[in-house]
Amino acid sequence: MGLTKQYLAYKPVSSFNIIASGRANVSFVTINHVVGRYVVVAAAEKVLVWDMRIGEKVVEFVRDKQEVTFLRASPDQKLLAVGYSDGAVEMFSFDSKQSVCSFASHRSAVSALNFDLLGLKLVSGGLDNDLVVSDVVAQTGKCRLTGHTAPITQVCFMQRYHDVVVSSSKDTQIKFWNTETQSCFKTIVDHRTEVWGIVLMRNDDFLVCATADTQLSVYKIASTTDEPPSTTAGALLPEEESTVSPFRCTAAGSIQRAGHGRTINLVSDANGQVLGCHGTDRKIELFYFCSQDESVKKLTKRLKKLNTKKSNTEQDDAREANVRQLALADEIKRLSKISTPEKVKSFDLILGTRNELRICCTFLKNLVQLFSLDMEAKNAEPETLYALQKQGHPSEARTVSFSSDSLAIVSGSAESLKLWSRASQGVLRTVDTDGYVVSTCFVPGDRHVLVGLKSGQLLVVDVVPGEVIERIDAHEKELWSIILTPDKHGCISGGGDTTVKFWSFELINRSDGTEGKILSLLHKNTLKLEETVLNVRISQNGKYIAVALLDTTVKIFFIDSLKFYLSLYGHKLPVIAMDISYDSTLIITGSADRTIKIWGMDFGDCHRSLLAHDNTVTAIQFIPNTHMFFSCAKDGKLKQWDADSFQKIVTLPGHLGEAHALAISPNGKYVVSCGSDRTLRLFRRTEEPLVLQDVQEEEREELENATLATGEESAVPGLPGLRLPSKKTIGSEKGAENILECLEVSKQYEEEGGKGPLPPLMFAYSATNTDDFLLTVLSRIRASDLEESLLLLPFSAVCELLEKIPQLTIARKDHTELICKVVLFLFRVHQKPIVSNQVLLPVIQKIVPTLQGTVGELRDMVGTNLHAAQMLQRELEENDGCVLFRDATKQRMQRDRRRKRREASKRKFLQIVK
């Protein structure tokens, strides 16, 4: 067998330029007990925590290549729940910076997430119309709630009723769910349009809903044990409230927004005092929900103004205020609105201890801004505290280039040019171009950059001061391509006005009369063509110039005489990108017909045509001094090819949207690409050898793993309505395979009498007997995949597993919880066949008392340990005179403060009397 050709692997270094994605929300987080300074945002497939004061990234969380769609921090600020476009929910820890657990909850993107008051339960809503309640502690799903007929827009737990979840959807309905009974007990159907958001205010006293109009609907929530506020409110109900519901929900009125269009986001602070909303315009409106005492005071003042003619005392007014029903105007106060520089994509707000309200906003133009508003000051205007905008382009980067020393990267977007450090991925310079950048190129010496605009202008940018030193009207239409000549004394540009122009570099005196000279371009020659020029390339030997035209051909001319040499035709659509090899023997062309063609420069013959991508090829470039090249396309993928063997070497992790351009460093060690997900992605060549056969095998395995072997649905005969709070994944299929393999190996080992050498699989799991082997296999299955794995087992395997349970329970009491979980799930799913199977009757008769006894022992042990720990705590507190826990310390300090205040007030009173 001959030697296989080896290549060196390119690995991703980082992605930069993106500050915040527009698809996900923004949220305040607390790090090191500092509140209101750190915000967490989504950045394509990453999650970033920004320090708004210094404008730097503090933490970065990464999962797989899936876009982040929703973020929510837990109430104790220790965990971060992240929803992804594939329906998964990942939990990250702020302390360890690692993933804690993962829930495969939905079949499509996650659209809403929320924790309960204590952070023990998490509810998620998805575009698959379902709600899933998950147990954060047990790391498993609790239940799936189905009933909505359109994607979920918002979901939250009620604080006063811990088992109640409220959800809104695009089906115009708001539903109240009981997680214990897993059913909907109340539905609000008052709205004619989609409900875009809901929020519970003032400890569940109010429910505010946002719809497609300019009004916010407000509902008042009151316990059924309380008396109805008035007969008029009671008359709103067509019939007596259902006995299932623990509260009444009556329409209290509406809030008229000042903004236009539908309400996009509805957000409240953690205590439900301040409500913020924004529509399709550039303003955020804020409302303050007064406390009960403040509302009564407002009502008293209002009534006092109305009853000025009557001589009533303040006590009578207060009594009247208590009797009458409070109006919505008494309970809600409008605050100053915040005008924003761009259309708001999402925002979050937090109320500080000194009544300072902080609002953090993300915008479509890759920008994060932090505002502050003083709640105590009258007619206070919001002020901008910090903004993150210099760390990235406001719009998508369309072109990238490397400097000759491979240390700097330049990127251009619709309004600016940025110079980046390749080592730190930080911004070095930002230059406003006043035009759409479509092509860039470093001038020899790396001090200047040539920039081609969509308007046809050619800019000369000096990167040291970061300014445009000359604007040349080079072309009448788009300047699609700029390339240096091989002698580095000039450049060539190709534009949409069907011309290719030749320029030479000149040093001229400054126009302002100061000393020194500046770089300029002198027009030398023009090549006129019949079609729009899309790309221009020069061979390294300086003989030929290749021009890609809109008529799908590539024409090659002699560079000295500009006489026609060859025409390359064969593409069905125009050639967008091309490149010539270092030895001037090959030319590669990438087209909108998704193919890459490799041609010989001698005769113009096509060596090979490769169906390279699933969409238009946007950029292609040879690695210097090799016949290998990279290509990127609108399918977002970045691929490496060998032009000699015509084989694909590897596919690199690309962009989430389209890939617009790529550049390879002159030393061939680095590759950078830009795309529609607003990221610049940098890759570095490693010393790791890459064998083609291994890479192809890995890609085949990835494709196989992408499709589930047992299908998407988890169906059980006899249980058509089974709705598990999880989704079948590759992990659950592998878990089921491992259980079946374990049962088979254990059966063979026991048939041999349990003597002789251990089977290799048992040895690999470090198990000495079959019980330990089974328990190790079960415990290694991820908690969120366990139910799906058990569901895939055939009934014969279920019977074998149940037969092992009694002995397993007695032998391994340290895994009682896991054993109980397995047994209860199997009983619930396979109840009918288990009941009808007489063989399993003695097994069940053994399982029930054994498990009951073991669970009782475990409960007694936990209770003993708990009370012993409490006793030790009391003894330590008595001996040391200190309180162990911080919460208790806080309570004690608050009690001391109240006592001192009471004593001070008594002293003042005594002084006054005296």
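Each Cβ is built from the backbone N, Cα and C atoms, and glycine gets one as well.
The domain 'Small-subunit processome Utp12' annotation in TrEMBL covers 771-874.
Annotation comment: TrEMBL describes 145-187 (among others) as repeat 'WD'. Across the repeat 'WD' (145-187), the DSSP tally of helix, strand and coil residues reads 0 helix, 24 strand, 19 coil.
Confidence over the repeat 'WD' (472-506), given as mean pLDDT on the 0 to 100 scale, stands at 93. The repeat 'WD' annotation in TrEMBL covers 472-506 (among others).
According to TrEMBL, the repeat 'WD' annotation covers 568-609 (among others).
The feature repeat 'WD' is assigned by TrEMBL to 610-651 (among others).
Residues 10-18, 21, 43-45, 65, 67, 366, 392-393, 395-402, 404-406, 409, 411, 420, 422, 425, 615, 618-619, 621-626, 630-640 of the same chain, all 6+ positions outside the repeat 'WD' (652-683), place their C-beta atoms under 8 angstroms from a C-beta of that stretch. Summarising the annotation, TrEMBL assigns repeat 'WD' to 652-683 (among others).
Within the chain, the repeat 'WD' (610-651) has long-range Cβ neighbours (under 8 A, six or more residues past its boundaries) at 5, 7, 9-10, 573, 576-582, 586, 588-592, 594-598, 657-664, 666-668, 671, 673, 675, 677, 681, 683, 690, 692, 695, 699. Sequence-remote contacts of a segment are chain residues at least 6 beyond its ends whose Cβ falls under 8 Å from one of its Cβ atoms, and for the repeat 'WD' (472-506) they are 438-441, 443-444, 450, 452-460, 519-542, 545, 547. The helix, strand and coil residue counts that DSSP assigns across the repeat 'WD' (568-609) are 0 helix, 23 strand, 19 coil.
Note on the repeat 'WD' (652-683): DSSP counts are 0 helix, 17 strand, 15 coil. Secondary structure of the repeat 'WD' (610-651) per DSSP, as helix, strand and coil residue counts: 0 helix, 24 strand, 18 coil.
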